[in-house]
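Asker: From TrEMBL, here are the annotated features:
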type	residues	note
DOMAIN	52-168	domain 'SRCR'
DISULFID	122-132	disulfide bond
DOMAIN	171-272	domain 'SRCR'
DISULFID	197-261	disulfide bond
DISULFID	210-271	disulfide bond
DISULFID	241-251	disulfide bond
DOMAIN	275-389	domain 'SRCR'
DISULFID	345-355	disulfide bond
């Protein structure tokens with residue numbers, strides 16, 4: 001269901017009337033002009049910034065191709081400059097939590113008809129997509145790229161580049177000092193957001209939240225409304241997760257709205273954010289290193305991978321010191337993207353992305369031996385791992 005706020009013109013069109021007053025004010029002919037002005041003012045107050053919906057192949061309430069309603073026509077958004085900040089605005093506008101992915105190239109299928117926007121630039125704090133900067137409604141053939149002393153005309157081939165979003169859905173992290181991957185846990189139920197009581201709240205529960213939000217692994221479960229007390233409904237209490245569930249709704253709990261808690265007991269999580277440990281035999285503090293970049297999880301190529309690099313990962317995950325820096329896909333080969341290679345850390349960095357590396361996605365290397373350069377690419381069979389002091393050496 002699309003939630004709509006309509007202008008007076010749109011109300012007239014949807015109701016198939018030409019004069020607001022002729023229908024709504026016919027019963028008070030002596031005060032008709034006043035009545036018409038009153039309804040026009042009401043409609044003006046209710047005038048919409050834009051109507052928005054998620055549709056397309058494989059879409060759901062909180063994921064799909066973004067379409068906006070303008071000039072009485074639904075249209076799509078072209079993916080020039082489309083990123084997580086833009087998607088965040090869409091997810092908030094639809095009460096769908098936080099943005100997990102900002103999809104491009106018609107991931108949810110190509111739309112039809114009008115392409116309304118392109119070059120959308122949001123800070124992420126706007127209340128609707130129409131508040132973000134853009135070159136104008138319907139101006140989607142107006143981008144040029146300067147290269148080698150020439151301007152090249154960009155034609156976006158219409159709906160081939162329709163954008164989409166994947167939102168976290170019925171869960172979000174908010175509160176004072178919160179980030180995309182840390183904050184007070186809130187869930188969406190019965191058309192309203194509410195908090196979770198921290199009775200029995202532990203790392204297994206937090207692990208599910210972090211996974212659901214594409215935020216890596218759970219590091220901490222701060223007690224006593226660490227990110228500030230929420231307001232309104234407390235939806236869940238006595239949540240019990242194994243840690244393997246795909247969403248918090250799959251965990252055991254006492255029932256929606258069934259609790260004896262105050263908001264001073266609101267549950268919170270701190271996730272590892274853009275890094276996680278995965279693979280066969282992995283644990284919270286040992287596994288194949290994977291990092292989140294461009295909305296995709298990917299691995300690290302083990303070229304020059306050593307204890308200094310592993311030390312940064314262990315610190316970032318709150319897992320103590322590095323004991324080993326396994327190579328050659330020790331925890332099994334990953335799949336998909338290989339994001340980093342030739343990582344060189346001093347060991348004092350606060351995150352792996354601060355270390356020197358060859359660039360995102362540049363994992364093909366040459367090595368010099370006996371007067372020849374040899375091409376080196378072993379794919380995921382060279383995925384890097386770590387074993388931190390948080391677990392025993394295996």
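FYI, residue positions are counted from 1 along the chain as it appears here.
Glycine too: its Cβ is placed from the backbone N, Cα and C atoms.
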Asker: Using DSSP, how many residues in the domain 'SRCR' (275-389) fall into helix, strand and coil?
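Answerer: Helix, strand, coil within the domain 'SRCR' (275-389): 17 helix, 46 strand, 52 coil.
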Asker: Rounded to the nearest angstrom, how far is the Cα of residue 355 (disulfide bond) from the Cα of residue 241 (disulfide bond)?
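Answerer: Here the two Cα atoms are 35 Å apart.
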Asker: DSSP helix, strand and coil counts for the domain 'SRCR' (52-168)?
Answerer: 17 helix, 49 strand, 51 coil
Asker: Sorry to bug you, but what's the C-alpha spacing from residue 251 (disulfide bond) to residue 197 (disulfide bond), rounded to the closest Å?
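Answerer: Cα-Cα distance, residue 197 (disulfide bond) to residue 251 (disulfide bond): 14 Å.
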Asker: List, in sequence order, the same-chain residues at least six positions removed whose CB sits under 8 Å from that of residue 261 (disulfide bond)?
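Answerer: Correct list: 197, 198, 199, 234, 237.
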Asker: Helix, strand or coil at residue 210 (disulfide bond), per DSSP?
Answerer: helix
Asker: State the Cα to Cα distance, in Å, between residue 132 (disulfide bond) and residue 210 (disulfide bond), rounded to an integer.
Answerer: 28
Asker: Work through the disulfide-bonded residues one by one (122, 210, 251, 271) and name whichever has its CA nearest to the CA of residue 345 (disulfide bond).
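Answerer: Out of the listed candidates, the nearest Cα belongs to 271.
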